[in-house]
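Reviewing the structure listed below.
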Amino acid sequence: MKHLKFVLVMAIAVNVWECSDAKFGEKGEISPRRRRCYDGSLPKRLKKRDRKLSLDSSVEVCHRLYPRVSCCPSKRAAYQILHRRDARIFSTNNTECAKLLEEIKCARCSPHAQVLFQSPDLDKGPRGEANLPRLCPDYCRSFYYTCRGHIPELFQADVDEFCQYYGRRDGGLCFPDFLRKQTRGPASNYLDLDQYEKIEDINRKHKHNCYCAQEVVSGLRQPVEVVHCGDGSQRLFILEKEGFVKILTHDMVLIKEPFLDIHKLVQSGIKGGDERGLLSLAFHPNYRKNGKLYVSYTTNQERWAVGPHDHILRVVEYTVSRKNPNQADVRTQRVLMEVAELHRKHLGGQLLFGPDGLLHVVLGDGMITLDDMEEMDGLSDFTGAVLRVDVDTSSCAAPYSIPLNNPYFNSTNQPPELYAHGLHDPGRCAVDRLYMDANGSVVILCTDSISRNSTAGRVLQILKGKDYEHEPSVLELKSGSTASPVGGFLYRGCQSRRLFGSYVFGDRAGNLRILQPPPEGVVGGAWQEKALCLGSSASCGSSLSGHILGFGEDELGEVYILATSKSMVQSHSGKLYRLVDPKRPLVPKECQRLVQAPELLATACSRHCKNGHCTPPGRCCCSAGWDGPFCRVAKCEPACRHGGVCIEPNKCYCKSGYSGEQCEKGEGGTTGG
């Protein structure tokens, strides 16, 4: 009995010593077995009656989390603790985020609150007193992805930095499930198993190769392409197949008035598989100064009505309006080239400028055979090819010149515009705007079909002078799918570090893939392909659905996806998505760029060239009947005589006493000598 009393006395003494001990040990953290509330007091054990009531309640979140031992002795006291501080930070209208915030607030009722909040690492943090407890790694990531867009004051870093500061990585106590090795159950101070599985499920959705498709704008009518003009305004130009180009401003406002309206010139198809319509748009690399843009479209005009073909593919140059930077001047139309087409598939038609400043025109084979070409008088020599021309010419006689290093510049049996050939159904190409190889050639990747009558796809790296009827491809896609491939872009954006340098593409069925280039310095290395995982709407806020129509790129290098939930002929069902890396902030600080207002065209040529057109370098080319440096002098043929003045083309204004078209008649109607 004496020994038993001695043991009890020692136990009480040890307990008193532990309760009066300092909060932190040598390493600045108390033992996990020493339960302490946030203010240092001991938590209170709930009675069986209160514990049963709290378990049956569906309203009191905190008492369900801590049914046995709690730092909130009553329901009323619990919510006084929760709401007396952090009201501004812990406020959101998002339902999913609000649920997590209610749980996190309950950490102050935890019997381990002192450990969760008063870790020395948090005390040294930039925010002083911690707003959040130490979060378990999976819970931390779930909280970050769910709430980052709704509480911007709390999220100023990417997920790894955020969870490195607020998370627990050393296996110690963390919210919400504390010691992970202990058994969970309704009578313990841990979340139930369903909640844990939900957290693990969200964590799986954001595994290493998963991204989000963020919906940007909807209600588009058959969108086929989205491009930027590179003038610092960060505007996006969305092409609609019928012949409209619309502007999406940097703050995601779709301007009602079209930037370009040529629907009366464009012949577009209304049935599935008919590729006719407005095909592509490319802005001149020096667009900010010269205002030049180039479009390709299919048309059917009267002079092409004779023959087996019913339409042509036309490439046209336009100039932006001098009065409105959000509108192109259709009166400045200048035709660069025309290609006759026989069928309504495999048209291609994409336009793109490389970092060398040259315009590339990508054309499909049009499903044209050799017999068809003979009937069409050689008008389709360009089909199934990539053309390369120089639009920066000051010549008024031709709209472009041929680069001297084109592979067939001096050829007698191939068009000099030809850069590569052997393509069938190119589904968009991408040029790497930041890289040229050792020979000074640009890097171009295209998706294509393997043959004229095959749906199997391939990815090609376009090289000068190659014939892709026989050249190997970078990647051959599986032939089991009936969906044709759709080319994307080489990602050169800033938002996603892990996607940088990868080629993003897909197919019309909505499947996305990426190709990663071989390591630098590896000669003959193979590109690595893998599926691009997209998170669900629950984890990303929106999800990509339907058919992929095309890809786009903004001024900062971020990739966009055009898709529709219905068939392509349906009205206003097109949507624009932005590809986002959920492991990073939506717009990291290092990715932010100053938005510049679009400027009016103010070159000397645009101001003074009234009776002609300006070339991209800035020369004024006069229309028929005009002459002079800026086409201000009328050119009369035949010339005026007897001192007459030529003001308008082919019309003389005669001096007094003379008349006639050339002022050749003197007084009395006689011919002057």
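Please read every residue number as a count from 1 along the shown chain.
Using the three backbone atoms N, Cα and C, a Cβ is placed for every residue, glycine included.
It should be emphasised that the depicted structure is a prediction, and the values quoted were computed from it without experimental measurement.
Annotated disulfide bond per TrEMBL: C636-C646, C654-C663, in sequence order. The feature domain 'EGF-like' is assigned by TrEMBL to 632-664. Marked as signal peptide by TrEMBL: 1-22.
A simple way to gauge crowding: the CB of C636 (disulfide bond) has 21 other CB atoms within 10 angstroms, across all the protein chains here. When the alpha carbons of C646 (disulfide bond) and C663 (disulfide bond) are compared, the span between them is 10 angstrom. Calculated from their C-alpha atoms, the gap between C663 (disulfide bond) and C636 (disulfide bond) amounts to 12 Å.
Cβ contacts within 10 Å of C654 (disulfide bond), excluding its own Cβ and spanning all protein chains shown: 19. Taking all protein chains in view, 22 other C-beta atoms sit within 10 angstroms of the C-beta of C663 (disulfide bond). C654 (disulfide bond) is 13 Å away from C636 (disulfide bond) when you measure Cα to Cα. Mean pLDDT of the predicted structure over the domain 'EGF-like' (632-664): 74.
Within 10 Å of the C-beta of C646 (disulfide bond) we count 20 further C-beta atoms, all protein chains included.
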